[in-house]
Amino acid sequence: MERTNTTTFKFFSLGGSNEVGRSCHILQYKGKTVMLDAGIHPAYQGLASLPFYDEFDLSKVDILLISHFHLDHAASLPYVMQRTNFQGRVFMTHPTKAIYRWLLRDFVRVTSIGSSSSSMGTKDEGLFSDEDLVDSFDKIETVDYHSTVDVNGIKFTAFHAGHVLGAAMFQIEIAGLRVLFTGDYSREVDRHLNSAEVPPLSSNVLIVESTFGTATHEPRLNRERKLTQLIHSTVMRGGRVLLPVFALGRAQEIMLILDEYWSQHADELGGGQVPIFYASNLAKKCMSVFQTYVNMMNDDIRKKFRDSQTNPFIFKNISYLRNLEDFQDFGPSVMLASPGMLQSGLSRDLLERWCPEDKNLVLITGYSIEGTMAKFIMLEPDTIPSINNPEITIPRRCQVEEISFAAHVDFQENLEFIEKISAPNIILVHGEANPMGRLKSALLSNFASLKGTDNEVHVFNPRNCVEVDLEFQGVKVAKAVGNIVNEIYKEENVEIKEEIAAKIEPIKEENEDNLDSQAEKGLVDEEEHKDIVVSGILVSDDKNFELDFLSLSDLREHHPDLSTTILRERQSVRVNCKKELIYWHILQMFGEAEVLQDDDRVTNQEPKVKEESKDNLTNTGKLILQIMGDIKLTIVNTLAVVEWTQDLMNDTVADSIIAILMNVDSAPASVKLSSHSCDDHDHNNVQSNAQGKIDEVERVKQISRLFKEQFGDCFTLFLNKDEYASNKEETITGVVTIGKSTAKIDFNNMKILECNSNPLKGRVESLLNIGGNLVTPLC
């Protein structure tokens, strides 16, 4: 496979696509790789039963998630962990791990995979050994339901799947993309398990089982009634009943049904008249696991456990049978035997023993995989091959029936679940080709109305080793950390206060006495808050797919691995005027400037330098100013140098300073000032002469420029036709009109004559104070 594209999600199945068995799927996105399940195919032996591991480099896998303990989902895990170049981490739920060890140990011992001879007569060494199983077991990590685990940017959460004890569906999130893998799941509440959950968060991709395609199950109570009636009628005629089951899972469900039925019909069946046996090498060990995890089952089981103070899985009418040597086969009996596919073990031995008699019954209660004896016998063949010598055939005269208690969803349950998930992309797995194809057609037909819209649903049913590529454009969300969080809260509070003031003021004027806090709250809630603008640094963690928004001062604390470099800009400009004139223009533009060095006493201010450096200063004719906090202006002779740290605000201020320097010698104000102040005198005389030439109207015009910048066309200044005529008795006014809010200003006395809005009044007063400070040296 090619390297994962940064925006492409890749699905690649190594097994379990267009087949049931050896489930194993690969997910790749943003350089992360997730492996789902590692099973074997019950119909095959040896290496042929494995997923196609050679088709993918397993060293790329970051994590492997096991959905449940069934062999077709977990049996090749020791092989992956011990016999391949796999280096990732493995996760499963607590009950799954508890059962996994015993189930796999029995798998190695019983099946032909662990100890068979090839047709050439050479010993098959097996896929893995008991030592491999023990070593792999210690490396497996467990997860709790509903807890989210983060592994280097891959987040996953386990939810109840309802298939067997410990079965989980996993919702995986990588860089904002969410994928839900159902594994085998059931939406039916049975006698001991809850139904599968619907995760609260939506998913972009749904990988869902399609075991039964478009088939529909009978109601559970009907199936239970059929099961008990068939078994009852068989044993009443002296027959024996064989139920091939997996050692764990549906076996416990059927035992709960039979134990209750035997208790209800104790006169005919109880008291040892018709014994029920649970034949498995792991019988007692398996049941101890179920007895341990009662509290992870449904309410009915937990209630029985609380009320009776006895474990529901301690059966009154069922006995455990470890091997057939202890079985006295003298009359009617019911036998639940593993494995469920009848490929080997106790169930196969009993099948060959009982199938020649027509009074006996083989009752298939689970899903039968193609290529297995369970699937073959459902065809009711006349003979079956012997497991010890396939050339010898055994007549089949027994009755064969199927009543499915497989904990898989039918079509209606699957469709309802898919609609609740509402994923735009659906990938079908774990189903034979024909049922899966029918399910795909049914889903496309169901979602046909969405075709061509933004909500169109895409359905895929890829074969093994066929890649599915999906393009996604994720939404990135940054997390604010550090001091910038306080800055955001501060800005929010300011916005809220301004909105309250702006909304409440008109109501106060209309009916000041009737204003209450409830009306105030309603006014604020009517309108959404404005966007808040804050400045900071966006740090991307590509490994964990996280974005942090923080201030520069917090960078070292939250990201110590990052180093910072501060870039300072420097621009030099030739000037052909005195420093006094430049200083005057700087004050006009910015109101104030901090004096760092003033050798020629241009500013009449004491330079702000450190005490220890005062003695080292020599008179070089420098004028150094600090403007707006970070911009440094140095003037020596005819050269002016501007230095600043790059950011949006500093760049804007620096541009303004450079514009002043480039035009200072030709500006009208400069010409007017210099025409009276270029003769030889000190700075005090320059100021006094300039002040004497600027009259009241000029002062107002300077201040009005601030209002024009702030309010634009909303501000109007009223002057005489002869604006330089000295008429001290006439008041010079200005008016600011914003919507229904109006402020009338007396510029002679620098005060507000009238204003009907407190927020507007505050803004105008601030501008009057700033304007007064700016022109004071000139008045």
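The count begins at 1 with the first shown residue.
Backbone N, Cα and C define each Cβ position, glycine as well.
Cβ neighbours within 10 Å of H163 (Zn(2+) 1 binding site), excluding its own Cβ and spanning all shown chains: 27. Feature annotation from Swiss-Prot assigns Zn(2+) 1 binding site to H68, H70, H163, D184.
A C-beta separation below 8 Å, combined with a sequence spacing of at least six in one chain, links D184 (Zn(2+) 1 binding site) to S67, H68, H70, H73, A161, H163, V164, A167, E209, T211, A407, H408, H430. Annotated Zn(2+) 2 binding site per Swiss-Prot: D72, H73, D184, H430, in sequence order.
Residues or ranges marked as active site, proton donor in Swiss-Prot (evidence: sequence analysis): H408.
Residues or ranges marked as phosphoserine in Swiss-Prot: S517.
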Same-chain residues at least 6 apart in sequence whose Cβ lies under 8 Å from D72 (Zn(2+) 2 binding site): G16, V20, G21, R22, S23, G39, I40, H41, P42, I369
Cβ-based isolation winner (fewest other Cβ atoms within 10 Å) among the recorded positions H68, H408: H408
Position of peak Cβ density within 10 Å, selected from the binding-site residues H70, H73, H430: H430
Any further residue of that chain within 8 Å (Cβ to the Cβ centroid of H68, H70, H163, D184) of the recorded Zn(2+) 1 site: S67, F69, H73, A161, V164, A167, G183, Y185, G249, A407
Near-site residues: Zn(2+) 2, ref D72, H73, D184, H430, CB cutoff 8 A to centroid: G16, V20, G21, S23, D37, G39, S67, H68, H70, G183, E209
